[in-house]
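*Asks:* Input: one structure, supplied below.
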Amino acid sequence: MGVKYLWDVLEPCKKTFPLDHLQNKRVCVDLSCWMVELHKVNKSYCATKEKVYLRGFFHRLRALIALNCSIILVSDGAIPGIKVPTYKRRLKARFEIADDGVEPSKETSLKRNMGSEFSCIIKEAKVIASTLGILCLDGIEEAEAQCALLNSESLCDACFSFDSDIFLFGAKTVYREICLGEGGYVVCYEMDDIKKKLGLGRNSLIALALLLGSDYSQGVRGLRQEKACELVRSIGDNVILEKVASEGLSFAEKPRKSKKQVRPSVCSKKGTLPLVVINGNNRDPERLEEIKQVIDAFMNPKCHQADSNTVSRALAEFSFQRTKLQEICHQFFEWPPEKTDEYILPKVAERNLRRFANLQSRSTEVEVNLPLHKPQMPEKCPVSEIIKTRKVQGRECFEVSWNDLEGLESSIVPADLVERACPEKIIEFKEKMAAKKKKPKPKQKQKETSSPTKSSSLVELSLELQHLDLNSTSLVSRSTLEEAEQENEQQNSKKHDYLRLIDSPDRENCNNAWSNRDRLGVGMSSFPLYPETEVIDLISPCPEARSRSVSRSYQEQKSHDHQLETVIELSDSETDDEEHCKKARELRIFLQNIRKDIIL
C-alpha cells in the first residue's frame, strides 16, 4: 500500500514517457507489485488456469529485453516486525481470521507462507525469468526497500513499483505504471521534481507517513493531506524528523478549550502508533519510541548491501536458454516451440543490435572508428542485410536479416536504430534499390524479349499453314479435275451412242417401254435414269411431264455434283499456276459445250 494519499500528493510531479525512454537502462522491478497488478486484471477461474497473469509478465519482460534493459527482479522476504499488525489486520479483513490474542514482538519479523497461492505465482515468475537470463534477488524483508537501496547506490537507473513508500526508502526515480502495445508508455516520478515542485524531501515524506498513515503507522485521524503538507513544509526537511522524534506529533494538534484528554483508541503494544492526543502532553516516552522505530524502519531498512555477493550475482548478466524457455512456455501456456521463438527471438535480435549501436557510439566518442568485419572489431554486426522498408505504427522501420541467430530469418527494427548501429547497411540498401530502378523489371524483360520471337514464330507458322492450304487445294483441284474429265469422257461416249441410236429400229420398242412404264405406274426410282439400252429421240416431242418420285441416291448424286462444281470453281479462283488455270478454262468451255448440246 505504502503511504496513504501520497500518490495524490505527488500528482504534480507525474511524467509520462514513451517506452523508448527505457532503452539501455538498468531497472529494478518489485516483483510482488507486478504480479499483484497482473493478477488483478482477471481473477476468473479460466484466467487463473490459463495463467493470463504470467503471460502478461512474459510480454513485459520481452518488451524490456528488446529495449536492451538490464532487469533486476526483487522479491519480498520476511514481513518486518513493525508491519506484522498491519499485515494481520489485512488478512482478517480478507479472510475473516479470528484474532489469536498473541502479540508479536516488535523486533521479530514474520516469515511468509511459501505454500500460498501468491507465493506459487512468484515462483512461476522466477522460473520463466531465469530462462530469459534474468535472476531474482530475494530481499531480506521489503522488496521496495531493496530496490530503493540499489537505486540510491546508482546500481540501477530506476525502480518499478506502485508502493509509494519506495521514496521513503531512498529511491530517486520510480516508474509506477507501464503500458505495452501501440502508444506504449511509462509513468515516471523523480525525487528531484518532488523537491523542486513540492518542497518535500525524503525526511518530509517520512513525516507525512507518520501524519497520514502507512504500513507502519496509523497516522492522525481526520488530518487531510493538504494540511499535512503545509505543516511539514513549515518546519523544513532538514529538522522535521528531529522535531518529530523529540516532540512527537504535537505540532499537528488542534487545540480545544476543553482540558479533557482523549485517550488513544488503539493499543500501542501492537506495534502501531496511537492516535494523536487532541489536547494534552504528546511526549509520552512509549509513543516517542514507536515514532523512532518507524523513522528507523524507513531510514535503515534490512537489505542486502550494495557490495554483497548476493547483489553482485543479481547484477551479473546471463544468456537466455532457448530450449528451456520453449519447455517452460509449453508447460505453462501450451505453446509450440515455433510460437515461443516467434515471440522472443526478434526481441533478442533487437537487443543485440542496440548493444552493437552502443559499442559504435562509444568507439566514436573515443575517436576509434573501426571498420566493420575487420579483425580489430570486437563484435560482428548482427545485421546481414536490409530486405525492405516498413512502417510500424507510423514509425519508419526496416525489415532486416540476421547473422548467427538460429531460428530467426528476418524481423522488423526501427530505422533510426539501424542508422546508429550500421549506417553502411543503409547505404548498401539504397544503392541496391537505385540499381533496381535503373534496370527494367524481370517481368518486363521477359515480355520485351519474348514478343519478337513470338511474332516471328507466328508469322512462320501462318506461312507454313498457307503453304499447306495451297498444296491441299491444288491436290484437291487436280483430283477433282481428273474425276471430272473421266465423267465427261463417259458422258461423251454415251452421247455419241445416243445419237447413233436415234434412227434405229428399236425406237418403237423404246416408246412402248415408256408407255408400259407409265401404264404400270412405275416410278423413276425403280429404273435407272439413262439405261444402256434406252434411246432418246431428240427430234420427236417430249412426253408429257408427270410427277415421279426421285430417289435419295439421285439427290445425293446431284448434291455431290454441285459440291464438285463448287470445289472446282473455288480451286480455280485460288490457283496461281498458269498451266492449271489454262486447264481449268478448257474444262469450263468443254462443260458449257456439253450443256448446250444436251439442251439442243
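Cβ coordinates are placed from backbone N, Cα and C, and glycine is handled just like the others.
Straight out of Swiss-Prot:
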BINDING   Asp30, Asp76, Glu142, Glu144  Mg(2+) 1 binding site
REGION    130-219  region 'I-domain'
REGION    130-218  region 'I-domain'
BINDING   Asp163, Asp165, Asp215  Mg(2+) 2 binding site
REGION    215-353  region '5'-3' exonuclease domain'
REGION    433-458  region 'Disordered'
COMPBIAS  435-444  compositional bias 'Basic residues'
*Asks:* Please report how many Å separate the Cα atom of Asp30 (Mg(2+) 1 binding site) from that of Asp163 (Mg(2+) 2 binding site), as a whole number.
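*Replies:* Asp30 (Mg(2+) 1 binding site) and Asp163 (Mg(2+) 2 binding site) have their Cα atoms 9 Å apart.
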*Asks:* List the other residues in this chain whose Cβ sits within 8 Å of the Cβ centroid of the Mg(2+) 1 site residues Asp30, Asp76, Glu142, Glu144, in sequence order.
*Replies:* Ser32, Cys33, Val74, Gly139, Ala143, Ala145, Gln146, Cys147, Ser161, Asp163, Ile166
*Asks:* Can you give me the Cα-Cα distance between Asp76 (Mg(2+) 1 binding site) and Asp163 (Mg(2+) 2 binding site) in Å, rounded to a whole number?
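*Replies:* It is 13 Å, counting Cα to Cα.
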*Asks:* Give the distance between the Cα atoms of Glu142 (Mg(2+) 1 binding site) and Asp165 (Mg(2+) 2 binding site), rounded to the nearest whole Å.
*Replies:* 10
*Asks:* When neighbour density is defined as the number of other C-beta atoms within 10 angstroms of a residue's C-beta, which of the binding-site residues Glu144, Asp163 has the lowest density?
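*Replies:* Across Glu144, Asp163, these binding-site residues, the one with fewest Cβ atoms within 10 Å is Asp163.
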*Asks:* Roughly how many angstrom lie between the C-alpha atoms of Asp163 (Mg(2+) 2 binding site) and Glu144 (Mg(2+) 1 binding site)?
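*Replies:* With distance taken Cα to Cα, Glu144 (Mg(2+) 1 binding site) is 7 Å from Asp163 (Mg(2+) 2 binding site).
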*Asks:* Where does Asp30 (Mg(2+) 1 binding site) sit in the DSSP three-state scheme?
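*Replies:* Looking at the DSSP assignment, Asp30 (Mg(2+) 1 binding site) belongs to a strand.
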*Asks:* In sequence order, what residues of the same chain, 6+ apart, have a Cβ less than 8 Å from the Cβ of Asp165 (Mg(2+) 2 binding site)?
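*Replies:* The answer is Gly2, Val3, Leu6, Glu144, Ala209, Ser214, Asp215, Phe298.
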*Asks:* Identify which of the binding-site residues Asp76, Glu142, Asp215 has its Cβ surrounded by the largest number of other Cβ atoms within 10 Å, counting every protein chain shown.
*Replies:* Glu142
*Asks:* With DSSP as the reference, give the number of residues of the region 'I-domain' (130-218) in helix, strand and coil.
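*Replies:* The counts are 34 helix, 19 strand, 36 coil.
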